[in-house]
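The domain 'Fibronectin type-III' annotation in TrEMBL covers 12-113. According to TrEMBL, the feature domain 'Interferon/interleukin receptor' maps to 127-224. The signal peptide annotation in TrEMBL covers 1-26.
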Amino acid sequence: MMVVLLGATTLVLVAVAPWVLSAAAGGKNLKSPQKVEVDIIDDNFILRWNRSDESVGNVTFSFDYQKTGMDNWIKLSGCQNITSTKCNFSSLKLNVYEEIKLRIRAEKENTSSWYEVDSFTPFRKAQIGPPEVHLEAEDKAIVIHISPGTKDSVMWALDGLSFTYSLVIWKNSSGVEERIENIYSRHKIYKLSPETTYCLKVKAALLTSWKIGVYSPVHCIKTTAPF
């Protein structure tokens, strides 16, 4: 490429190599991130994505979001200048029933083009996390108290009374499982052996929304001696 320099009395032609212009404009062109995944469990919003060029170092990533009916994009709090390929935007106050759209770009001296994520409604995408479980032992029974894993949840604020639960229980010494379906937040299991350790795990469901949650951690308790 030839660049014209005009002086007071002279005209000078200078040859400039294309790579010099590229460097001046910001260096190597960055590729957009790819395969963005949005994971929502209860009120936890996590984004994961793939880098397009692992050979380029010191790259950061930033997200914007856009609500339905908006023309402008807004910087996504918690997901600006991220050096990893994961970020959490749970602190963002969203209407979980309102559709939103996201976009991401890579940044260094220059920036990549935006990669747009398909629009989604948080409530429809959300998964139910493991419930909280509290056990009380009797001599031939176990009383189970269950509550959703996120107290004062925004995601499930309208569905708190609609949860049902199912559990798997087994005698610790045998490992033979029994499944009990469609129980509510307080349930009592009878006809157990006294002074015996039982283990169980529980998962929640919102049948009206066709949502099945994931199991809680395993909880074990020993029944008491008979009176």
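Positions of Cβ are set from backbone N, Cα and C atoms, glycine also.
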Structural state census, the domain 'Fibronectin type-III' (12-113) (DSSP three-state): 7 helix, 42 strand, 53 coil
PLDDT averaged over the residues of the domain 'Interferon/interleukin receptor' (127-224): 92
